[in-house]
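Engineer: Copying in the features that TrEMBL gives for the protein in this structure:
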| type | residues | note |
| --- | --- | --- |
| TRANSMEM | 12-41 | transmembrane segment |
| TRANSMEM | 61-84 | transmembrane segment |
| TRANSMEM | 96-114 | transmembrane segment |
| TRANSMEM | 134-155 | transmembrane segment |
| TRANSMEM | 183-210 | transmembrane segment |
| TRANSMEM | 239-261 | transmembrane segment |
| TRANSMEM | 267-289 | transmembrane segment |
Amino acid sequence: SQHQFNVTSYDAMAMVIITLQALAGMWINVFIVSVLCIAWVKKKRFNSNEKILLSLGCYRFGYLCVIWLHSFLSIIYTACFSVQPIPQLSAALQSFFNNSNLWVSASLCVFYCIKIANFRNAFFNYLKVRIDRIVPWLLMGSVLLSLATCILAYITNEMNWNNYNSTTLGNFWKLSVSLDEHLFATFFITGLGYATAFTAVISSALLLLFSLWRHKRNMQTNSVKNLSTDAHIKAMKSILSFFFLYSINFTCLVLTLIYTSREKNPALFLVLVFQYAFPVVHSIILIFSNPNLEKSLLRTLSCVKCRVCRR
């Protein structure tokens with residue numbers, strides 16, 4: 001039992017970095033949710049963009065809480081993961097919040113594309129008119145897909161647990177092969193979700209880019225051109241930033257699959273650091289791409305700065 005609390009310097013450094021990332025991300029997403037809720041109370045209405053951002057902030061806060069708790073327990077008290085159903089619940093919760101985060105982010109990109117892009121297409125125009133009614137269904141679909149992967153993650157870890165208990169030391173190699181197969185199935189399902197959402201992001205970026213090119217070619221008056229071009233460019237910046245971060249996150253998923261069987265591997269640690277930074281960095285980008293959130297953040301920082309200077 002003494003080894004259960006044996007924390008090396010490597011573990012301590014990992015815990016400090018993950019804790020700082022998690023706290024920063026939690027604060028940022030609590031800020032987003034708070035500002036949106038206050039605006040909701042004042043205006044008595046909630047537009048589609050705010051609904052998506054509110055859902056994203058809540059899911060990311062939950063995701064950061066779960067991964068911090070998982071990291072804390074896996075470093076400080078690893079024995080708890082030998083108690084059923086803690087490993088199954090941990091894997092299921094991480095899968096749910098991670099997939100919710102990714103699907104709602106992809107929904108935000110699709111929303112920007114439909115709302116801003118201009119095409120002479122009956123189906124696209126139908127979506128543009130109905131987008132405010134479609135957003136709740138997009139959010140509900142994201143939750144249902146995340147629940148499906150959550151259940152699959154729980155079942156996979158339950159199978160791992162049963163194989164571990166039913167396999168003797170003499171069949172240890174057979175156990176390792178079985179665990180690798182189940183682990184590969186979990187990563188395959190997660191990767192499929194990543195790839196599908198990634199396709200939605202790429203499609204949104206390409207459609208917006210094509211719409212921007214057509215708009216700049218066809219517009220005649222400078223005033224309309226400036227307003228519409230500015231809207232296109234802002235949406236493109238948000239989608240491209242998500243595309244870039246999504247690419248890093250997907251690469252991290254592949255690297256995690258490669259290094260996951262090697263305990264305390266420095267490469268795996270770096271991969272996890274980048275992966276956990278994804279919701280933090282993208283939330284900051286969303287704040288600065290939203291005028292209301294940006295003004296609220298600058299106002300909050302200026303108030304904090306004044307109070308610190310007074311002291």
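Cβ from N, Cα, C; glycine included.
Predicted automatically and left uncurated, TrEMBL annotations should be read as such.
Map the listed features onto the structure and describe their local environment.
Structural biologist: Only residues 6 or more beyond the boundaries of the transmembrane segment (12-41), in the same chain, are considered here, and those with a CB under 8 A from a CB of the stretch are 50, 53-54, 56-58, 60-61, 64-65, 67-68, 71-72, 75-76, 269, 272-273, 276-277, 279-280, 283-284, 286-287, 292-293, 296-297, 300.
Beyond the transmembrane segment (96-114), the same-chain residues lying 6 or more positions past its ends with a Cβ under 8 Å from any Cβ of the stretch are 48-49, 52-53, 55-56, 59-60, 62-63, 66, 124, 127-128, 131, 135, 138-139, 141-143, 145-147, 149-150, 190, 193-194, 197-198, 200-201, 203-205, 207-208, 235, 238-239, 242, 246, 279, 282.
Long-range contacts of the transmembrane segment (134-155) within the same chain, counting only residues at least 6 positions beyond its ends with a Cβ under 8 Å from a Cβ of the stretch, are 48, 51-52, 55, 88-89, 91-97, 99-100, 103-104, 107, 110-111, 127, 186, 189-190, 193.
Long-range contacts of the transmembrane segment (267-289) within the same chain, counting only residues at least 6 positions beyond its ends with a Cβ under 8 Å from a Cβ of the stretch, are 10, 14, 17-18, 21-22, 24-25, 28-29, 31-32, 53, 56-57, 60, 63-64, 67, 101, 105, 234, 237-238, 241-242, 245, 248-249, 252-253, 255-256, 259-260, 297.
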